[in-house]
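Asker: Once you've had a glance at the structure underneath, I'll fire off some questions.
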Amino acid sequence: MAATTLPSGEPAPEDTSLYPIAVLIDELKNEDVQLRLNSIKKLSTIALALGVERTRVELIPFLTETIYDEDEVLLALAEQLGNFTNYVGGPDFAYTLLPPLESLATVEETVVRDKAVESLRQIAVLHSPTDLENHFVSLVIRLASGDWFTSRTSACGLFSVCYSRVNPMIKSELRNFFRNLCQDDTPMVRRAAAGKLGEFAKVVELDSLKNDLIPMFSSLAQDEQDSVRLLAIEACVSIASLLTHEDVNDLVMPTLRLCTSDSSWRVRYMVADKFTELQKAVGPEITRIDLVPTFQSLLRDTEAEVRAAAANKVCDFCRNLCPPVASGALLNDPNAAQTSNAVDSIIMTSILPVVKGLVADTNQHVKSALASVIMGLSPILGKQRTLDHLLPLFLTQLKDECPEVRLNIISNLDCVNEVIGIQRLSETLLPAIVELAEDPKWRVRLAIIEYMPLLASQLGVQFFDDKLNSLCMTWLTDHVYAIREAATLNLKKLVEKFGAEWAQTSVIPKVIVMARDPNYLHRMTFLFCINELAEVCGPEITAKTMLPTVLSMASDSVANVRFNVAKTLQKIGPIVAQSAAVKSQIKPVLDKLNTDTDVDVKYFAAEAMSIIACN
């Protein structure tokens with residue numbers, strides 16, 4: 001076996017506390033990838049044993065020299081080095097970690113480079129201004145002017161963390177290098193620059209933003225590659241939020257207008273996705289003049305992905321049209337009424353007509369996105385307009401063939417309830433829900449059952465008992481087994497929401513009636529209900545109100561019912577285990593079933609007796 005050596009090349013001392021450390025160091029050079037990876041993950045242990053000086057002088061150079069390895073090992077190393085400052089002597093020596101991280105920031109694997117950049121950003125803030133200028137900025141410039149695109153893409157993420165703490169001359173140099181990256185021949189570099197432009201804009205001076213960065217933004221927003229152009233949209237949000245209204249109008253809007261009508265649907269999608277952020281950044285006046293027509297265009301886009309992204313922003317866009325009014329800041333402003341009327345006019349004449357068209361869109365993702373937010377328009381439009389304009393749309397969506405559309409409407413009924421009241425809601429939307437619940441297609445009925453617990457929580461227990469309780473009971477006798485099964489689970493979820501006392505008065509008495517139904521399938525459904533309800537109702541209600549009826553069914557004429565009695569007793573036996581009912585009532589019935597003429601009844605009775613005995 002070859003002698004183990006320390007990073008300095010000297011032999012490891014035998015029988016000393018440093019021997020395990022020497023083994024770890026030796027594993028850094030092992031042919032087995034897993035051993036190298038394990039050693040990298042224990043770098044802090046090695047550093048602590050070596051001490052800060054030897055870590056700086058021996059370990060860090062050693063790591064820098066052996067940087068060529070499997071991507072998994074390099075990723076672990078990049079992550080470790082980001083938290084290594086204390087092991088090299090603290091912030092005063094943070095610059096010693098730069099060489100290995102610089103090498104890692106140039107490798108081909110993107111994940112490794114990104115982690116190296118993340119670690120560099122972590123330790124950049126620990127540098128003193130002098131070390132930042134002497135060491136970190138030099139690293140950024142080397143990466144930004146590297147021969148390979150990999151180093152130049154990594155450089156893009158480092159400008160913002162050092163810019164604000166260096167002298168004006170270096171700031172100018174950094175801006176020039178960033179400009180070069182924005183104009184790089186390689187699309188990957190321009191894409192990285194576009195992704196970091198907004199971040200860089202937040203730290204530069206206002207004059208530099210207007211004179212240097214906005215031309216970069218305009219150039220990237222008109223790049224030949226759509227993957228670059230779409231990233232410029234994110235930068236637009238940051239840039240616009242830093243400028244005055246006049247500057248936004250003069251410097252940003254001409255470029256943004258081009259983006260909103262871009263030939264690439266991916267760019268238009270990004271505009272739609274960031275639309276409310278853009279709206280807040282440019283302010284209400286520019287929104288009314290420029291963004292309203294743009295929003296209409298996005299809602300009518302030829303690509304479904306764009307329409308869906310825009311539809312998802314409808315409620316937020318309308319709410320943000322005039323934020324001060326919504327917050328009450330303009331209540332004493334004489335122009336408040338005029339502003340409010342202008343906002344109402346925009347929504348009613350420019351947005352709502354387009355929204356009505358989207359309700360019948362050919363793409364289910366568009367309809368689903370709209371259904372998830374359209375209820376939020378009710379508080380904005382008020383009671384009468386909700387009744388006149390929105391309710392017909394809700395009714396259409398409730399009957400949509402796509403289950404996700406129906407779910408999104410039912411999930412947000414509380415928004416409408418707050419505006420128009422429960423009475424009007426029951427008069428308008430409830431008939432549509434009941435109609436779906438009685439639909440000839442069993443899959444439609446099944447979908448409504450699945451939404452019922454959610455609907456119940458939205459409407460409250462009183463309304464549910466008055467309008468929907470009987471409907472839930474009707475499902476228990478449906479001719480389709482899947483509906484009956486879903487209905488029993490539905491009862492359990494309702495009891496979880498409304499409580500065991502509610503179940504005792506509103507559910508259990510109606511369920512018990514089924515035990516005497518002439519149809520043996522309905523009698524079996526009663527047992528299935530007890531299986532679900534016993535757990536949520538607790539031992540007292542189970543023993544007192546449900547168990548006697550279950551026991552009485554042990555002499556049912558149908559064998560399927562009798563063996564399901566045994567299965568139900570097996571289920572509820574442990575729940576009522578503390579009561580006297582197990583010995584005095586359950587066991588005698590199971591003994592009787594265990595001598596039944598039907599083999600299945602005997603089998604399940606024996607199984608139930610075994611389970612209950614164990615409990």
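Placement of Cβ uses the backbone N, Cα and C atoms for every residue, glycine included.
TrEMBL labels come from automatic prediction, so no person has curated them.
Okay, these came from TrEMBL:
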type   : residues : note
REPEAT : 97-135   : repeat 'HEAT'
REPEAT : 174-212  : repeat 'HEAT'
REPEAT : 213-251  : repeat 'HEAT'
REPEAT : 252-288  : repeat 'HEAT'
REPEAT : 291-327  : repeat 'HEAT'
REPEAT : 351-389  : repeat 'HEAT'
REPEAT : 390-428  : repeat 'HEAT'
REPEAT : 429-467  : repeat 'HEAT'
REPEAT : 507-545  : repeat 'HEAT'
REPEAT : 546-584  : repeat 'HEAT'
REPEAT : 586-615  : repeat 'HEAT'
Asker: Taking residues 6+ outside the repeat 'HEAT' (429-467), which of them lie with a CB under 8 Å of any CB in it?
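Answerer: For the repeat 'HEAT' (429-467), the far contacts come to 391, 394-395, 398-399, 403, 406-407, 410-411, 413-414, 416-417, 422, 475, 478, 480, 482-483, 486-487, 490, 493-494, 496-498, 502, 506.
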Asker: So which residues does the repeat 'HEAT' (291-327) touch in its own chain, when a touch means Cβ under 8 Å and the partner is 6 or more beyond its ends?
Answerer: 257, 260-261, 265, 268-269, 271-273, 275-276, 278-280, 282, 284, 336, 339-340, 342-343, 346-347, 350-351, 354-355, 357-358, 361-363, 365-366, 368-370, 372-374, 376-377, 380
Asker: Over the repeat 'HEAT' (546-584), what is the model's mean pLDDT?
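Answerer: Its mean pLDDT is 84.
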Asker: DSSP helix, strand and coil counts for the repeat 'HEAT' (390-428)?
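Answerer: Looking at the repeat 'HEAT' (390-428) with DSSP, the answer is 34 helix, 0 strand, 5 coil.
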